[in-house]
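Report on one structure; see the data block that follows.
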Amino acid sequence: MGVKGLLFSIVLINLSLLGLCGYPRKPVDVPFWKNYEPSWASHHIKYLSGGSTVDLVLDRSSGAGFQSKKSYLFGHFSMKLKLVGGDSAGVVTAFYLSSNNAEHDEIDFEFLGNRTGQPYILQTNVFTGGKGDREQRIYLWFDPTKGYHSYSVLWNTFQIVIFVDDVPIRAFKNSKDLGVKFPFNQPMKIYSSLWDADDWATRGGLEKTDWSNAPFTASYTSFHVDGCEAATPQEVQVCNTKGMRWWDQKAFQDLDALQYRRLRWVRQKYTIYNYCTDRKRYPTLPPECTKDRDI
């Protein structure tokens, strides 16, 4: 190989490394079928524009759900949702990541419907090693039924960040040094579902689903997945190799100054419940609540 050939090979290697680390790919709009498949009640799922948009439908007989075809350990996952409009009390739309075992890990978006004119509540939760009870609830700063908005999760070995339209609404930091489990080794699939939860979803179950408004429809598009596929112990080991992917890089190990300002804005203006400030429930705060300046 001549000098020119050697230089060309070096350039190719460097370009391939850039694909692995340093530069996150922007969300790519891909059809539903590329990454997802129905998980239950497929007859209540509608496919529009060749699968670029998908509607989940809830009526008295059933809701519906879908899941990713593959499992992932770390990455960036997003989709755009338009929630059920009108009187949606009792109706829950969920977008979450979860492993499939007893001591499971899970990262939740749960959109809790409400009476007409009353705002949606977005509840997030993080389960590690089977332990959850880390609820946070916010109002959104827009009407999520009028158009599509992006909801995403960044998950690496340092933190889990939950975003709404690129605004961080929650950061769950790795607090393993404080004895708090963190999702390192259990690959998770991505799920979404629409179902009736009027026993708890709206005002603790006081507001019931008004079935005269059925069918209820939640609409999805932009099914973006950029994660490390992990179906075997060997693949889990590869995904845990730090520095291999863009989400391992320094820029993604913590929020930047602008993201912290945006998170504080959400906390001050829109947060209505945070388990880390619930002294009645937790007279002694959970360890992870004392660690980070964003809590």
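Every residue gets a Cβ built from N, Cα and C, even glycine.
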Which of Arg279, Arg281 belongs with Glu110, Gln123, Thr124, Asn125, Asp133, Arg134, Glu135, Asp199, Trp200, Gly204 in the xyloglucan site listed by Swiss-Prot = Arg281
If we take the Cα of Asp108 (site 'Important for catalytic activity') and draw a 10 Å sphere, the binding-site residues of Thr124, Asp133, Trp200, Arg281 inside it are Thr124
Whole-number Å distance separating the Cα atoms of Asn114 (N-linked glycosylation site) and Trp200 (xyloglucan binding site) is 12
From the disulfide-bonded residues Cys239, Cys276, Cys289, pick the residue whose C-alpha lies nearest to the C-alpha of Thr124 (xyloglucan binding site).
-> Cys276
Would you work out the biggest C-alpha to C-alpha distance among Glu110, Gln123, Thr124, Asn125, Asp133, Arg134, Glu135, Asp199, Trp200, Gly204, Arg281, the residues that bind xyloglucan according to the record, and give it in angstrom as a whole number?
-> 21
Round to a whole number and give the Cα-to-Cα distance in Å for the pair Glu135 (xyloglucan binding site) and Glu110 (active site, proton donor).
-> 10
